[in-house]
């Protein structure tokens with residue numbers, strides 16, 4: 001018999017269940033990356049909506065007069081003849097107007113997120129997510145249509161942003177819940193750290209796509225990402241599998257090597273605890289940070305039991321019930337300030353680079369992607385460290401502690417040249433995005449599957465929505481404050497960001513103290529779990 005080709009041997013070396021898990025991992029990664037891809041254009045186009053032209057002449061054509069005018073609708077120069085931009089963003093108050101656009105989107109996103117998780121628990125994830133992606137694609141494209149139809153009403157752009165912010169809230173609770181259905185707690189920090197790089201990947205792709213058309217036809221900077229989101233919504237409807245039980249996948253992953261037996265837990269789905277599981281040693285995070293068991297002689301013993309209807313694991317949890325889970329409030333408030341910093345960079349970094357390094361909108365957008373490249377490594381690093389140390393709050397606290405002085409250095413050295421800006425973009429991206437990524441993924445999944453829930457799988461969507469919704473309040477405030485403060489100098493914006501980092505760290509102090517004062521088995525030090 002002939003030897004099987006190497007490619008076929010690779011395929012059959014993995015089980016059917018493992019291939020399905022890999023498929024869901026990649027699919028949910030792409031779905032949410034497309035959401036972030038559609039959020040990025042507004043930050044790239046800001047430099048084009050308000051731009052300075054020498055004298056009172058219209059902007060010059062770089063690639064031929066006819067090609068430029070062929071794409072741009074005819075319009076009159078604004079009353080202020082020293083500026084040429086897109087009315088109403090061509091006046092001296094343009095920073096406040098652009099900040100209001102950001103605030104409109106993010107405020108709607110924050111408010112909608114609290115409702116989205118509750119609604120999402122009661123609807124099929126596939127239908128709910130598909131609707132959100134199709135609607136988001138429509139509203140993102142609608143903003144770009146303002147260019148082609150020569151719309152200069154500020155209200156039009158604000159309403160479009162509000163509607164887009166509301167429908168985009170369908171994304172995060174849905175994808176986190178779906179991924180957590182397929183992957184258990186083993187190496188959750190690493191898995192979700194890698195998976196959460198979809199945020200940075202989406203931002204990078206959004207910057208590059210929007211930057212390609214920003215100087216010639218900025219309407220396409222919105223329409224193309226909108227079309228991509230809508231197309232991914234169709235893919236979601238056709239291929240997303242909400243739960244492994246829907247295709248009769250096994251509830252545990254078979255282990256192919258002994259190397260996996262030293263991990264805290266195995267990749268497996270959440271299911272009601274078996275009687276044999278009572279003898280398993282608990283990891284310190286569940287003992288201390290989340291107060292999961294209450295039987296430890298070392299840690300304080302107080303557990304909040306959140307009852308369902310007669311113990312039915314399919315009963316949706318209430319909003320107040322989710323708030324009573326230990327750790328939800330602290331991490332939510334920490335994320336509020338961490339996300340404030342992250343989204344200020346997301347929406348204002350290209351304009352800052354344009355102002356400091358004197359680059360055009362396209363080059364500034366391309367350079368700003370380095371912040372997201374750093375964010376990819378920061379999210380993965382945070383996941384690896386938190387898995388190894390088994391201390392989520394301490395990992396976040398360390399990165400927040402390092403982020404504040406890094407931001408100060410960034411504000412100082414970015415004015416020294418392009419090389420310094422590149423280095424600080426990578427470092428700042430890693431330290432700012434690390435805690436944000438860890439809290440919104442691994443920590444949210446930990447809390448959403450807390451033992452006090454007694455296997456209530458429907459709680460994860462609400463817990464995720466509460467944490468990310470609270471963080472989105474900070475995401476709304478950050479760009480708004482940046483728009484209000486930046487006229488007084490970019491240094492003041494960085495002082496605001498450093499203060500926000502300090503506040504984020506402050507809300508984790510109690511949890512960090514609990515982790516450090518409540519020792520547990522080191523990573524890999526637990527007895528291996530055995531299949532029954």
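Including glycine, each Cβ sits where the backbone N, Cα and C put it.
If you check TrEMBL, you get these features:
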TRANSMEM  20-37  transmembrane segment
DOMAIN    27-516  domain 'Major facilitator superfamily (MFS) profile'
REGION    56-77  region 'Disordered'
TRANSMEM  97-115  transmembrane segment
TRANSMEM  127-149  transmembrane segment
TRANSMEM  161-183  transmembrane segment
TRANSMEM  195-214  transmembrane segment
TRANSMEM  220-241  transmembrane segment
TRANSMEM  328-349  transmembrane segment
TRANSMEM  369-386  transmembrane segment
TRANSMEM  393-410  transmembrane segment
TRANSMEM  422-445  transmembrane segment
TRANSMEM  457-481  transmembrane segment
TRANSMEM  493-512  transmembrane segment
Same-chain residue ranges lying at least 6 outside the transmembrane segment (493-512) that approach it to Cβ under 8 Å: 289, 327, 330-331, 333-338, 340-341, 344, 348, 352, 391, 393-394, 396-397, 400-401, 403-404, 407-408, 410-411, 435, 474, 478, 481-482, 485-486
Interface check, the transmembrane segment (97-115) with the transmembrane segment (422-445), three or more C-beta pairs under 8 A: no
Dominant neighbour of the transmembrane segment (220-241) in 20-37, 161-183, 195-214, 422-445, by Cβ pairs under 8 Å: 20-37
Top Cβ-contact partner of the transmembrane segment (195-214) among 161-183, 369-386, 422-445 (pairs under 8 Å): 369-386
Any contact, the transmembrane segment (457-481) to the transmembrane segment (393-410), with at least 3 Cβ pairs under 8 A: no
The transmembrane segment (422-445) vs the transmembrane segment (369-386): 3 or more CB pairs under 8 Å: yes
Same-chain residues near the transmembrane segment (161-183), Cβ under 8 Å, at least 6 residues beyond its ends: 20-21, 24-25, 28, 31-32, 35, 38-39, 42, 101-102, 104-109, 111-113, 115-117, 120, 125, 128-129, 131-133, 135-136, 139-140, 143, 191-192, 195, 240, 242-244, 267, 269-270, 440-441, 444-445, 448-449, 457, 460-462, 464-465, 468-469
